[in-house]
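Colleague: The compositional bias 'Basic and acidic residues' annotation in TrEMBL covers 584-595. Look at TrEMBL and you will find 575-622 tagged as region 'Disordered'. Per TrEMBL, the feature transmembrane segment maps to 12-33, 85-107, 128-153, 159-177, 189-208, 239-258, 279-302, 339-362, 382-401, 413-434, 441-462, 511-532 (among others).
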Amino acid sequence: MDPSHQKHFTIVDYVIFAILLVASMGIGLYYALSGGRQRTTQEFLMADRNMRCLPVSLSLIASFQSAVAIIGVPAEIYTHGTQYWFIGCAYFLGLLIPAHVFIPVLYRLRLSSAYQYLELRFSKAVRICGTLTFIFQMVIYMGVCVYTPAFALNAVTGFELWGAVLAIGLVCALYTTMGGLKAVIWTDVFQTIVMFAGQLAVIVVGVHQTGGVSEVWRKVWAGNLISGLDLNPDPTVRHTFWTLGVGGVFLMLSLYGVNQAQVQRYLSSRTEKEAVRSCYMVFPSLQLTLALSCVMGLVMFARYCGEDHSEKLGGSSGDAMVIYFVMDMLQGLPGLPGLFMACLFSAALSTISSALNSLATVTMEDLIKPHFPAMSEARATLLSKVLALSYGLLCLVMAYVTHQMGDSVLQVALKIFGMVGGPILGLFCLGMFFPWANSTGAVAGLGVGLSMAFWIGIGSIATRSSGTRPLPPRCRAALLSDNMTTVIESLPSNVTLSLPSGLTRFYSLSYMWYSAFNCFTVILIGLTISFLTGPMKEENVTPGTVYPLLGTLLCFLPERLKKKLCCVTPLGQTPSSLQMPPPQHKEINGVDPQHESGPSWEETDSFLPDTRTPFVEQETTV
Ligand SMILES: CC(C)(CO)[C@@H](O)C(=O)NCCC(=O)O
Ligand code: NA
């Protein structure tokens with residue numbers, strides 16, 4: 001951006017900004033000095049398994065809502081219309097399924113890390129593969145998260161980019177290291193509120209400056225920005241109802257169902273009911289966040305479309321444009337630019353702290369503890385803190401990688417979720433829904449799934465074609481007549497209207513399908529290899545690791561018919577020879593996965609542990 005158009009913060013802005021950082025550090029310090037003073041891994045990594053649903057739910061939203069979404073979604077709406085908003089449809093199933101499928105299975109196994117499940121269900125090897133994949137995913141994602149707000153600050157105020165990256169990384173690593181998961185969750189609560197406040201402020205000011213809600217509506221309508229439901233079944237069209245509403249469900253499942261950052265929050269809840277409730281509470285708040293960021297894009301359009309900003313913007317990206325417009329709207333309103341920056345940094349800090357804590361957890365629980373079973377609690381906790389801090393430093397390195405990518409940040413983040421998160425989701429689905437899947441199948445499935453993911457992902461980057469884009473809104477055509485072509489060209493677009501062919505067509509699969517596609521690859525390959533190498537026998541499957549999917553789907557059928565169709569029999573009614581096999585993995589990291597009565601399934605109400613009607617899987621493969 002042209003330096004002469006840079007904005008300058010007032011004292012009030014700096015104060016607001018400082019309050020955010022100091023408060024976050026304060027919360028970290030508070031939890032370092034209160035409670036058990038972070039002297040056990042139970043407290044540092046699991047928050048003593050004593051959290052209530054309200055903080056957990058706000059923290060669940062904060063984990064994957066970073067500055068990327070706050071800047072990226074308005075940029076998407078501004079340039080391509082409101083189609084992206086339909087991702088909200090995916091939140092229904094994307095949260096219901098985790099609440100009623102993944103949480104019950106994972107919570108009842110009393111895990112510390114989600115990947116412990118993979119060892120219980122398959123083997124140690126699968127667990128390590130899963131853990132390494134997760135670490136890879138979160139480390140790249142953290143890079144995007146830390147880079148985005150630093151880039152924003154730099155674009156607007158000329159603040160040293162790498163100074164900001166360093167500041168975010170260090171503040172985050174410090175309070176995460178001091179206060180553990182409790183601090184991470186409670187800073188998330190505070191930061192989520194700041195995030196909402198910042199977005200709301202921008203919208204209110206923007207609407208006011210445009211001349212009211214009706215004026216905003218008139219302009220976005222005239223600008224052809226409001227998109228109807230696009231039911232085009234073509235999987236290469238970037239955003240349609242199918243890619244967003246169906247592909248999005250798999251994206252949500254990979255984040256809210258099996259991602260360690262989220263699973264850890266469910267596990268830190270004091271009861272299973274509380275965990276399920278927190279998942280339900282995510283729904284309205286996530287819709288609100290989505291609505292706020294979409295409306296922000298609309299307001300920006302109404303306020304700026306048709307004006308010539310080329311000289312100020314130079315050749316900046318769509319993301320930079322959002323920041324510029326916001327700062328332009330807020331100038332002369334002391335405190336508000338600071339609030340917006342605080343909003344961006346809140347979003348980033350909350351995501352990075354979740355990532356750091358979850359990375360420390362999996363590294364400790366999955367990679368280190370199994371090799372040093374005799375390690376003292378004090379030493380394990382110290383090591384966890386060192387790990388959290390080291391990952392913080394690593395994320396700085398990753399910011400540099402993002403710097404080199406040059407795609408829109410939203411697209412980069414969602415691609416990472418799909419390319420790496422999709423195969424992990426596949427691995428969990430393979431284990432939970434298919435009792436026949438074996439360890440060899442799981443490893444092969446994950447390997448092939450990841451290879452396919454990177455083939456498509458890298459192919460699409462090389463050919464710049466991850467999903468064809470719709471025609472840009474009318475306004476952009478109008479803008480093309482100005483000398484704004486540089487901006488338009490540098491917007492993340494390839495307005496491909498001709499259908500690509502062959503391999504190019506494969507590469508142009510919409511990135512919103514990545515999660516689903518990669519998940520199915522893992523399941524398909526996993527099942528094929530399992531059947532080829534000898535499917536898992538029922539008595540070898542650890543009880544409680546398989547979800548009776550068919551039994552639940554067909555719950556309306558009479559018991560006798562169900563028994564015939566879906567191979568699931570209530571435990572009480574099975575002959576003793578068919579009852580749960582004795583536990584195989586007696587102790588994993590000091591936690592008995594069998595618990596007292598063994599994990600079980602209740603048919604009527606998953607909230608009432610006393611009225612359980614346990615089911616057991618019977619292997620009656622045909
Ligand atoms: C993950 C979703 C789709 C969930 O709403 C959304 O928060 C999002 O688009 N996140 C982008 C990644 C980020 O904000 O870091
Ligand atoms: Na966040």
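Yeah, the Cβs are placed from backbone N, Cα and C, and that goes for glycine too.
Describe the structural context of these features.
Modeller: Panel annotation: around the transmembrane segment (12-33), residues 167, 171, 174-180, 182-183, 186-187, 190-191, 194, 334-339, 341-342, 345-346, 349 of the same chain, lying at least six beyond its termini, place a Cβ under 8 Å from a Cβ of the stretch.
Within the same chain, residues 77, 114, 117, 229, 239, 241, 244-249, 251-253, 256-258, 262-263, 266-267, 269, 272, 275-276, 279-280, 282-283, 286-287, 290-291, 294, 428, 432, 544-545, 547, 549, 599, 601, 606 sit at least 6 positions outside the transmembrane segment (85-107) and bring their C-beta atoms closer than 8 Å to a C-beta of that stretch.
Distant neighbours of the transmembrane segment (189-208): 20, 23-24, 27, 54-55, 58-59, 61-62, 65, 70, 216, 285, 288-289, 292-293, 295-296, 299-300, 302-303, 326, 329-330, 333, 336, 339-340, 342-344, 346-347, 349-350; these residues of the same chain sit at least 6 beyond its ends, with a Cβ under 8 Å from one of its Cβ atoms.
A Cβ distance under 8 Å defines the sequence-distant neighbours of the transmembrane segment (239-258), meaning residues of its chain 6+ beyond its ends; these are 60, 63-64, 80, 83-84, 86-87, 89-91, 93-95, 97-98, 101-102, 114, 229-233, 279, 282, 414, 417-418, 421-422, 424-425, 428, 467, 470, 510, 512-516, 519.
Outside the transmembrane segment (382-401), and at least 6 residues removed from its termini, the chain residues within Cβ reach (under 8 Å) are 38, 41, 44-45, 139-140, 142-147, 150, 165-166, 169-170, 172-173, 176-177, 352, 355-357, 359-361, 363-364, 368, 375.
Listed as Cβ neighbours of the transmembrane segment (413-434) (distance under 8 Å, sequence separation of 6 or more from its ends, same chain) are residues 64, 66, 68-69, 72, 101-102, 105, 114, 117-118, 121-122, 126, 130, 133-134, 136-137, 140-141, 144-145, 250-251, 253-255, 257-259, 407, 441-442, 445-446, 449-450, 453-454, 456-457, 466, 511-523, 526-527, 530, 545-547, 549.
Counting same-chain residues at least six beyond the ends of the transmembrane segment (441-462), those with a Cβ under 8 angstroms from any Cβ of the stretch are 118, 122, 125-126, 129-130, 133, 407, 415, 418-420, 422-424, 426-427, 430-431, 503, 506-509, 511, 514, 517-519, 521-531, 533.
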Colleague: Should anything in the same chain at least six residues away from the transmembrane segment (279-302) have a Cβ under 8 Å from its Cβ atoms, list it; otherwise answer none.
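Modeller: Same-chain contacts beyond the ends: 53-54, 57-58, 60-61, 65, 69-70, 73-78, 82, 84-85, 87-88, 91-92, 95, 98-99, 103, 192, 195-196, 199-200, 202-203, 206-207, 210, 215-217, 219-220, 223, 225, 256, 266, 322, 325-326, 473, 475.
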